[in-house]
Amino acid sequence: MDLTKLTAHELKDILSNKEVKAEEITRAFLDRINLVDNKLGAYLYVSEEEAIKKAKEIDGKIEKNEELKALSGIPVGIKDNINVKGMQNTCASKILQGYTSPYDAHVTEKIKKEEGIILGKLNMDEFAMGSSTENSAFKLAKNPWDLERVPGGSSGGSAVAVAGCEATLSLGTDTGGSVRQPASFCGIVGLKPTYGRISRSGVVAFGSTLDQVGPMGKDVEDCALLTSAIAGLDKKDFTTADKEVPDYKKSLTKDIKGKKIGIPKEFFGEGLDEKVRKSVEEAIKVLEENGAEVKPCSLPLMDYALSAYYIISSAEASSNLARFDGIRYGYRSKNFKDAQDIYLKSRSEGFGDEVKRRIMLGTYVLSAGYYDAYYKKALKVRKLIKDDFQRVFKDFDAIVSPTSPTTAFKVGEKKDDVMSMYLSDIYTVPISVAGVPAISLPCGMIDGLPVGLQIISDYFKENVLFNLAYSYEQSVDFYKMRADF
């Protein structure tokens, strides 16, 4: 039995039945990482000794017949912008190279409390800015389905770790699609929860009104399991909602009779690959066969979402990244004349091109004379987009669309074409701007590459997403796909 190919719920079953030890599971994954990660590039840091130590502790509890917790013995990878005490937290940037976190993020605390085994920190686009993980300062992450293609981004390492069987579960962050798009490209399940459903405390900020931690897994049940473990109120993050977290496992049923699904025409227009369109339309038919009522709908303001997103997120990034100045921690230039020179050279040398591009854009739209014309207007557009979604959700339980207009593109294909790269998030960005939840799951294969189906629902209706996603998933076999790597 290849333990690395099993889902989290399958591992939980054999662990609780004492068919396998937690240490055996952990060593299987560490061996897998040592075997393949030099080609896949999922990990920036592996915590081998600590992982084995935790596994042995769990085995001791099992021997005493103590009750297992939600994630007991399950290997988890953490994106390298989410703090884990004692591990590096570089955000895949030269400016934070060598930085070790002195504390745990709230989501990390919750994973540890539920006895998940953290294997290490995962590769990403620098400061979560990118759609291909080509912006990492340290190494490329590659798609397990085709090593010449990108895994998506910015949570590319998180997707690769799960798809490449280097972790059972992983955490990413999603600001404009950074969990859903790599989940689509790598053929796994990824959730962007409602803004405020999961704490951002201890997550390095990119766009503070957009950032959300998102769980990733091999199937919908795994994703629901991890969401249940990490969701809920956190007093350290005032944006988290004081709303009870439902038992998402109860939503995992094929019964979706009477559920109303809208198909927005704006997500099926120009730029959508015809083969992707066909795969998504076939998935919609399956949902209809399972009892859902499917009707067309319209979200006319979606064309403005991408522009609003890049103005708002870049403005917030320019403010958030001002703290990285070469003084208290992180990279400091060795050649400087005075304090101002330290700031200038440390940031110029420490940040990559995409990060500098977004800082400049953000500083520009916040500057005198342009604030009203760009930033203030983008906030107004954001409000209108939220209203657009609320109007549609009065008539529908969910909206269905492609996750990305294409399958995974080749490494280097869009690296120097900024607009083309930004457009790869055209179907995920509107959801982030509105703050509503969405899930991506595999719905087909095109020329050996996975296609992603995106299901979107109203605020705090993750249970609806899990219900619809599970119903579709269990009606097809795409969730059983494993990259032959």
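Cβ coordinates come from backbone N, Cα and C, glycine included.
As annotated by Swiss-Prot, active site, charge relay system applies to Lys79, Ser154. According to Swiss-Prot, the active site, acyl-ester intermediate annotation covers Ser178.
A coil conformation is recorded for Ser178 (active site, acyl-ester intermediate) in the three-state DSSP classification, outside any helix or strand. For Ser178 (active site, acyl-ester intermediate), other Cβ atoms within 10 Å of its Cβ number 36. When secondary structure is read from DSSP and collapsed to three states, Lys79 (active site, charge relay system) falls in the strand class.
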